[in-house]
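*Asks:* I'd like to ask some things about the structure below.
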Amino acid sequence: MASKSRRLSGLEISLIVLFLLMTAVSVALITVLALKQESDKKEEVTPEEPSPSVTPPEKPYLIGVGRADCTGPVADLPMMGYANTDQTARGLHTRLFSRAFIVDDGNKRVVFVTSDIGMVSQRLRLEVFQALKEKYGDLYRQDNVVLSGTHTHSGVGGYFQYTLFMITSKGYIKPSIQAIVSGIVKSIDIAHRNLRPGRIFINKGQVADSNFNRSPHSYMNNPEEERNRYEFNTDKQIVVLKFTDLDGDGIGLLSWFAVHPVSMNYTNRMVSSDNLGYASYIFEQEKNIGFLPGEKGPFVAGFSSSNLGDSSPNIRGPVCVNTGLKCDYINSSCPVGGKKACIAFGPGEDMFESTRIIGENMFKIAKELYGSAKQELHGPVYGAHQWVNMTDETVQFNSTHTGRTCKPALGHSFAAGTTDGGGEFNFLQGDTEGDPFWDGIRDAVLGPPSNETKACHQPKPILFSTGEMDSPLPWHPAIVDVQIITIGSLAVVAVPGEFTTMSGRRIREAVKRELEVKEPFTNAEVVVAGLCNIYTHYITTYEEYQIQRYEGASTIFGPHTLSAYIQRYRGLAKAIAHGTIGELPKGPEPPFFDEDKLFNQVRDPVADVAPVGTTFGDVLQEVNPVYKVGEIASVTFVSGNPRHSGDIRDTTLVTVERFHNDTGSWEIIHNDASWETRFHWIKGLAGRSQAKVEWHIPQTAQAGTYQIQYFGHYKQTTENTTVITPYVGTSAAFKVARSFYYF
């Protein structure tokens, strides 16, 4: 029987229509909301990376980054920076690295390398280019490769060919320079292999509470109208480059900031990358998740030196340590204790904490700038380079007035050192008179400076007339590199020494004026890269030179040094802007002295001897059974001389390992490049020595079972043979707890 259909009531029809309308409206609202969210995503630029959906408006650069270990010997060799031959290495705080950045515009390429070393010497640069030429022919040349040192004072020396520098670092030390040359070349190799299309963004900001002018009396001698243009007597600006691939993934950071890496003071005996190196370390550790420091993590963060000549990280300033009173403003000395009692201190309780604080300050601002960088660099890259005889430069001030540079000479205040450390005898900063006693000794031993040199350097009283001393080799260089590289609108002025704050400002302005007459430099950003290519001490302004504090006494080419450099760098900038680089004269090539003419005062280490009843790697002082986070786990081993380990690059002397119960295996959580580990070598008598390894247990350490291992080599000799043997020392297993109530 057919069912009878029921007619819908008016109420039911109304409800159905209302339901359909509400459904349609809901769908429409959801669609609009989805489209709006998608639109917002497209418009939003995240703070960490640029949107990969945005196609570069111009042909992208080829960019490559690379990092390589350049740590040399960590024992028994002089450290380079404080010019103290008694400050020899006795261990390892952090490893030293070379970081290379290559940019290619499709026609030309430029390379910037920043290395955790005191400075780049002429000898080092020439040996690097020998190695590069063997590998790459004329691809990497004097004009397109900049080599810069961070200026850590806690690296080993021995990579110079001029007598003065060889004296302070006990000669030309082959294992030291080989490690640095190999590390620099390897970092370029890695960057070369990793070249890919990418983008470069630039940003800048200010780093507070991280640098302090250690020679304010000199700075105040600059013209008042010039000083009034600046808020501070040191440069607070940090410039950051952000390197990404075309998908927007970050691959590198390169920055420049003006601060001396002397947070690790002159009492330090461990090789260390200091504050700039620590900033690189924590940035790379944050980016390279899952990699131990120094391993092949792909992200490279270079924190480079700038015009740091008078810029100290010891921001609490100098005080008389025996009274707590302020030091003398003019010569930085104290009524009791003289200049030795006048010491500047960093923000931390000790040099390690000060290093961490200054490094973190740079890291935090660089991270913010990296994340917010939106201004992109576009345009060609250029490199311009000349060799200049800085002993004979004529400076044209105007149509009627000229000046001359001088043969190198160091003033009496050079021997006074700075409030950051160094200095001997009764020498004081700010000395424009000299001392007949020391002049007499100099004349008897080294000979007096010529009248011409004395007149040229006025008002500097000359202590060492190094430009007139050439035994056994010249004491100072005469031929100096000047160089500029550009990437789009960015110009990097590679300077051969330590420019003071105002010197750096003047040269930046001069280069900027020359560049801005042409595209793409109409809004050029100019940075000073310090300690590049060759070391020539300090470069002050003419006015600062008159005061003759340490920096002025160390301006070796005389009062017109800065003016001569400005003239030369203006010439390079003009050639870049007008496309006439090829017309620049190459200049006189520097000497490359035969290795057999370079002296070495460092003796080979003697054979190692283990105490009776022990062997190498045995534990002499064992770890405690239990530690809590924040404490220091320490173990001492029978050791050989670390120099017997030879080339220690890409290895580790120390590991901290955590035991995994589930797998029954040990996992390395720290190596000797880690901030948390410290390796102390304790030299004894007659070939005996010890190695003390510390693990500064971080608050983030997991509770569990740990051990410390130490890897070394010992040397044994017989009448006809020398045998080098590896060994391993292992601590007892110990517990780490969040507190002592954990167990």
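Every residue gets a Cβ built from N, Cα and C, even glycine.
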*Asks:* Given that Swiss-Prot annotates HIS260, GLU498, TYR538 as Zn(2+)-binding, name the residue from HIS151, HIS385, HIS401, HIS644 that shares the site.
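*Replies:* Looking through HIS151, HIS385, HIS401, HIS644, the residue Swiss-Prot assigns to the Zn(2+) site is HIS151.
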*Asks:* Based on what Swiss-Prot says, identify which of ASN213, ASN265 is the N-linked glycosylation site one.
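*Replies:* My reading of Swiss-Prot gives ASN265.
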*Asks:* Say which of CYS342, CYS406 is recorded by Swiss-Prot as the disulfide partner for CYS327.
*Replies:* CYS342
*Asks:* Which cysteine out of CYS334, CYS406 is the one Swiss-Prot pairs with CYS320 in a disulfide?
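*Replies:* So the cysteine that Swiss-Prot bonds to CYS320 would be CYS334.
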*Asks:* What count of other C-beta atoms do you get within 10 angstroms of the C-beta of HIS151 (Zn(2+) binding site), across all chains shown?
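*Replies:* Taking all protein chains shown, HIS151 (Zn(2+) binding site) has 27 Cβ neighbours within 10 Å.
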*Asks:* Within 8 Å of the Cβ centroid of the Zn(2+) site residues HIS151, HIS260, GLU498, TYR538, which other residues of the same chain have their Cβ?
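*Replies:* Leaving out the recorded residues gives SER305, LEU308, GLY309, GLY497, GLY530, LEU531.
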*Asks:* Taking the Cβ of CYS456 (disulfide bond) as the centre, count every other Cβ atom within 10 Å, in any protein chain shown.
*Replies:* 23
*Asks:* For CYS456 (disulfide bond), which of the recorded positions ASN265, ASN331, ASN661, ASP672 has the nearest Cα in space?
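*Replies:* Comparing Cα positions, the candidate nearest CYS456 (disulfide bond) turns out to be ASN331.
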*Asks:* Just counting, how many other CB atoms are there within 10 A of the CB of ASN331 (N-linked glycosylation site)?
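*Replies:* Looking across every protein chain shown, the total is 19.
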*Asks:* What is the Cβ neighbour count of SER312 (active site, nucleophile) at a 10 Å cut-off, with all protein chains included?
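*Replies:* So the Cβ neighbour count for SER312 (active site, nucleophile) comes to 23.
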*Asks:* Would you kindly give the Cα-Cα distance separating THR677 (Ca(2+) binding site) and ASN661 (N-linked glycosylation site), rounded to the nearest Å?
*Replies:* 24
